[in-house]
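J.: Reproduced below are the annotations present in TrEMBL:
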- Asp13, Asp15, Asp212: Mg(2+) binding site (BINDING)
- Asp13: active site, nucleophile (ACT_SITE)
- Asp15: active site, proton donor (ACT_SITE)
- Lys187: substrate binding site (BINDING)
Amino acid sequence: MISPNDYEAYCFDLDGTIYIGDQLLPGVKETLSAIRSSGKKVLFITNSPTMTRKDGKERLEQFGIEVSMEEVITTPYLAAIYFAEIARDATVFIIGEQAIREELDNLSIRRTDNPAKATHVLAGLDRSFTYKDLQQAVDAVRHCGKLIVTNPDPNCPVPGGVIPDTMSLAKAIEVASERKIDKVLGKPFDTYGDIMIELLGVMPEKILVIGDRLETDIQLGITKQFTTCLVLTGGADESDLISSSIKPDYVVKNLEGLFESKSKKISV
């Protein structure tokens, strides 16, 4: 059983954990209220490449969840931080939607629509992706040789199924350009975990990550030595839990069970 006082920070994935589509999932408001009443920190961590931090805040507020923009991490924001801190002189060719452009512009990262002028290609989900876009991305990668990817997700859950996500497009660019992906920024990779620790100011062992995907949310916790809790409301079910080598510390049916005896400790 988990108590709100067991950890200093609680980090929640969004889609599949807090909500699915326009449906708020069970126990979300009660769980967040218990955490905030205990004076603990909250962070919302999504791999969505089509959402700015402002978008994330507004999305949560639509469900009646109060949140500050500083409590939201999205992969477009993470990409902007990466270029600001690691590749400040970059000129970025973007495959992706407006959220990526907005976050890069917020930190004054140079970008270009000319493949020949790019020093880096940043690939994220683009739901209007065309063959022309693929050709330009391939030209840019072959020119600069650096392909950065916002998140590793091959698809994204939507009501009634899934849609192709970033990695589906990034792999097409990788194969056609004959250049390997240089870096993936989203969960479960180090860059994401590092910015979480920086924003929270909390030691890794005092952080609990709650999410619905073994290969991203739970693997992130394992990579960064956070405690992990899998919710069975999104990307993984009990059969996945049995067959996967990625094991969470806890598993709950939904967030109603997080602070109840329903939070089951996993024995590995």
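Glycine is no exception: its Cβ is also placed from the backbone N, Cα and C atoms.
Predicted automatically and left uncurated, TrEMBL annotations should be read as such.
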J.: If you measure from the Cα of the residue listed as 'substrate binding site', which of the binding-site residues Asp13, Asp15, Asp212 is the nearest?
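T.: Of the binding-site residues Asp13, Asp15, Asp212, Asp13 has its Cα closest to that of the residue listed as 'substrate binding site'.
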J.: Within 10 Å of the Cβ of Asp212 (Mg(2+) binding site), how many other Cβ atoms can be counted across all chains shown?
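T.: The Cβ of Asp212 (Mg(2+) binding site) has 25 Cβ neighbours within 10 Å.
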J.: If you draw a 10 Å sphere around the Cβ of Lys187 (substrate binding site), how many other Cβ atoms fall inside it, taking every protein chain shown into account?
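T.: Total other Cβ atoms inside 10 Å, all chains included: 31.
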J.: Neighbours of the Mg(2+) site Asp13, Asp15, Asp212: Cβ within 8 Å of the Cβ centroid, same chain, sequence order.
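T.: Apart from the listed residues, the neighbours are Leu14, Gly16, Thr17, Ile18, Thr46, Pro157, Gly211, Arg213, Asp217, Val231, Thr233, Gly234, Gly235.
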J.: For the binding-site residues Asp13, Asp15, which one has its C-beta crowded by the most other C-beta atoms within 10 angstroms?
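T.: Its Cβ has the most other Cβ atoms within 10 Å: Asp13.
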